[in-house]
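Student: Below are the features listed in Swiss-Prot for this protein:
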type    : residues                               : note
MOD_RES : ALA2                                   : N-acetylalanine
DOMAIN  : 8-43                                   : domain 'EF-hand 1'
BINDING : ASP21, ASP23, ASP25, THR27, GLU32      : Ca(2+) 1 binding site
DOMAIN  : 44-79                                  : domain 'EF-hand 2'
BINDING : ASP57, ASP59, ASN61, THR63, GLU68      : Ca(2+) 2 binding site
DOMAIN  : 81-116                                 : domain 'EF-hand 3'
BINDING : ASP94, ASP96, ASN98, TYR100, GLU105    : Ca(2+) 3 binding site
MOD_RES : LYS116                                 : N6,N6,N6-trimethyllysine
DOMAIN  : 117-149                                : domain 'EF-hand 4'
BINDING : ASP130, ASP132, ASP134, GLN136, GLU141 : Ca(2+) 4 binding site
Amino acid sequence: MADQLTEEQIAEFKEAFSLFDKDGDGTITTKELGTVMRSLGQNPTEAELQDMINEVDADGNGTIDFPEFLTMMARKMKDTDSEEEIREAFRVFDKDGNGYISAAELRHVMTNLGEKLTDEEVDEMIREADIDGDGQVNYEEFVQIMTAK
């Protein structure tokens with residue numbers, strides 16, 4: 001399944017994996033998974049975290065290594081983001097709930113994810129998504145970015 005991923009996707013997932021793998025030991029524990037999910041505004045229970053890990057933990061050792069993570073991501077991409085998941089993600093970014101993602105809101109979420117971006121990088125991300133040129137990202141623009149293949 002993971003063999004259907006492009007090199008670019010694998011590189012992106014490697015970066016994401018590193019964000020989860022706080023201690024850099026090459027595996028993701030339930031604790032690390034919980035930390036990242038909470039930084040994204042989710043509040044999973046210990047049992048839910050364990051379920052998520054068990055779903056992809058092929059060798060049954062209780063943690064996720066990179067190949068297992070790739071399998072999980074490939075599976076998720078196959079179920080391509082449902083409308084509801086995209087809406088949920090938009091709400092995480094749109095802190096003040098005004099229907100737009102501003103540069104400040106984007107910076108805030110990326111910082112919570114451990115991504116220290118320069119103002120230029122944040123502005124560049126907004127510009128890439130901002131189809132109507134109003135300096136922020138509305139829901140339609142967000143959907144375009146999230147569903148772009």
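Cβ atoms here come from the backbone N, Cα and C positions, even for glycine.
I'd like these features described in context: how deep, what's nearby, how far apart.
Tutor: Sequence-remote contacts of a segment are chain residues at least 6 beyond its ends whose Cβ falls under 8 Å from one of its Cβ atoms, and for the domain 'EF-hand 1' (8-43) they are 2, 49-50, 52-53, 62-66, 69-70, 73, 77, 92, 109, 112-115.
Just so you know, the Cβ of ASP25 (Ca(2+) 1 binding site) picks up 11 other Cβ atoms within 10 Å once every protein chain is counted.
Mean per-residue pLDDT, taken over the domain 'EF-hand 2' (44-79), amounts to 82.
Under the three-state DSSP scheme, ASP57 (Ca(2+) 2 binding site) falls in the coil class.
Proximity of distant same-chain residues to the domain 'EF-hand 3' (81-116), defined by a Cβ-Cβ separation under 8 Å and at least 6 residues beyond the stretch ends, is recorded for 19, 36, 39-41, 122-123, 125-126, 135-139, 142-143, 146-147.
Within the same chain, the residues at least 6 positions away from ASP94 (Ca(2+) 3 binding site) whose Cβ sits under 8 Å from its Cβ are TYR100, ILE101, GLU105, listed in sequence order.
All protein chains included, LYS116 (N6,N6,N6-trimethyllysine) registers 9 other Cβ atoms within 10 Å of its own Cβ.
Residues 80-81, 86-87, 89-90, 93, 99-103, 106-107, 110-111 of the same chain lie 6 or more positions beyond the ends of the domain 'EF-hand 4' (117-149) yet place their CB under 8 Å from a CB of it.
When secondary structure is read from DSSP and collapsed to three states, ASP130 (Ca(2+) 4 binding site) falls in the coil class.
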Student: Could you name the residues, excluding ASP130, ASP132, ASP134, GLN136, GLU141, of the same chain that surround the Ca(2+) 4 site, i.e. Cβ within 8 Å of the Cβ centre of those residues, in sequence order?
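Tutor: Checked against the 8 Å cutoff, the neighbours are TYR100, ILE126, ALA129, ILE131, GLY133, GLY135, VAL137, ASN138.
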Student: State the three-class DSSP label for LYS116 (N6,N6,N6-trimethyllysine), counting H, G and I as helix, E and B as strand, and everything else as coil.
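Tutor: The residue in question, LYS116 (N6,N6,N6-trimethyllysine), is coil (DSSP, three-state).
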Student: For ASN61 (Ca(2+) 2 binding site), just count the other CB atoms lying within 10 A of its CB, please.
Tutor: 11
Student: Could you check which of the binding-site residues ASP25, ASP96, GLU141 is the closest Cα neighbour of ASP59 (Ca(2+) 2 binding site)?
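Tutor: Of all the candidates listed, ASP25 is nearest in space.
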Student: Among ASP21, ASP25, THR27, ASN98, LYS116, these being the recorded positions, pick the one whose CA is nearest to that of GLU141 (Ca(2+) 4 binding site).
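Tutor: Result for GLU141 (Ca(2+) 4 binding site): the nearest of the recorded positions is ASN98.
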